[in-house]
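Visitor: Handing you a structure now.
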Amino acid sequence: MAWVSALADQDAWSVLLILVDAGIYLGALLAVGSVLFRFVFRGGPDRAHQSARRMGALAAAAALVLLLLKWPLQAGFLGGGTLSAATDPMLLMMLLDGAFGIQLLLMAGGLVVLQFGLLRVPLPMPLRVVAATAGCALVLSAFVQVGHTVREPRTLLMGLLMLHLLCVAFWLAALPPLHQVSYGQDRWEAAAILRRFGQLATFAVGVLVVAGVALAWQLLGGLQPLLTTAYGQVLLGKVSAVGLLLLFAAMNKLWLVPAFENAAPAAPLRLRRSIRIEAVIAILIVLITALLTSVGTPGA
């Protein structure tokens, strides 16, 4: 199959780049999503807010470190996968002068600015809100500087991707705080935030699916490339993982959260286990997404 050939073509340097990209995506999306979570649930339990704040700050810091690591790795990849190429000043500066440099500066700047909205800094609340919002905007704009969205119709592709990323970021970042609130003693308060997330997730899923399908259609140009190209087949793997994630989300909303609210025996344990499985599937989806960026789309 085409996807097997695509995987076989990845050398050790390419695999390392894919893993670093996955880490950057995960960290950046968690950071953005934590801001969204704290805004949407601003009247929610303090336990959830503190969990989101800590997670967002740590995720942003990790993404920054990986982003700086990617710079020499990308130079090394361009130079044939050697350490000497990774430290070649000419290659490093060449990267900074192109789209990669713009992406790096936007992403790094956004992650730094975003921290002022998450950390306990001596700034008025309005300024912290502005910093968090600006940071999120910079991070999201960094995602559309390179990759498949640089082709035409670029405006449409950029809009679809940013909408898609907003929903993904919110979902990803909600999982750790939701897991945390299930340990709280106030069962009604925890159930309220879990129900609220279920309602928002229903809307987010709709946006996520519509934006994802429209984006895939624009990139592939039809159904046949979905089955016959490496990109399409890897994308099918991602869609399958997303379907599994949605299955667990539906199970949470329809059975586990109501059982938790009604104090059913072992309900908190089952709910936390389901959320952990969701998190593992989400990480797998991020890894597949990083792999997709290394596989050319048909006609690209």
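Including glycine, each Cβ sits where the backbone N, Cα and C put it.
What TrEMBL shows for this protein is this:
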| type | residues | note |
| --- | --- | --- |
| TRANSMEM | 12-40 | transmembrane segment |
| TRANSMEM | 52-71 | transmembrane segment |
| TRANSMEM | 91-114 | transmembrane segment |
| TRANSMEM | 126-144 | transmembrane segment |
| TRANSMEM | 156-176 | transmembrane segment |
| DOMAIN | 192-292 | domain 'Copper resistance protein D' |
| TRANSMEM | 197-219 | transmembrane segment |
| TRANSMEM | 239-256 | transmembrane segment |
| TRANSMEM | 277-297 | transmembrane segment |
Visitor: Which one, 12-40, 52-71, 126-144, 197-219, has the most C-beta pairs under 8 Å toward the transmembrane segment (239-256)?
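Guide: Comparing 12-40, 52-71, 126-144, 197-219 against the transmembrane segment (239-256), the winner is 197-219.
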Visitor: Using DSSP, break the domain 'Copper resistance protein D' (192-292) down into helix, strand and coil residues and give each count.
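Guide: In the domain 'Copper resistance protein D' (192-292), the DSSP-based counts are 92 helix, 0 strand, 9 coil.
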Visitor: May I ask for the residues of the chain that lie six or more residues beyond the transmembrane segment (126-144) and have a Cβ under 8 Å from a Cβ within it?
Guide: 28, 31-32, 35-36, 102-104, 106-107, 109-118, 150, 157-158, 161-162, 165-166
Visitor: Within the domain 'Copper resistance protein D' (192-292) only, compute the mean pLDDT.
Guide: 85
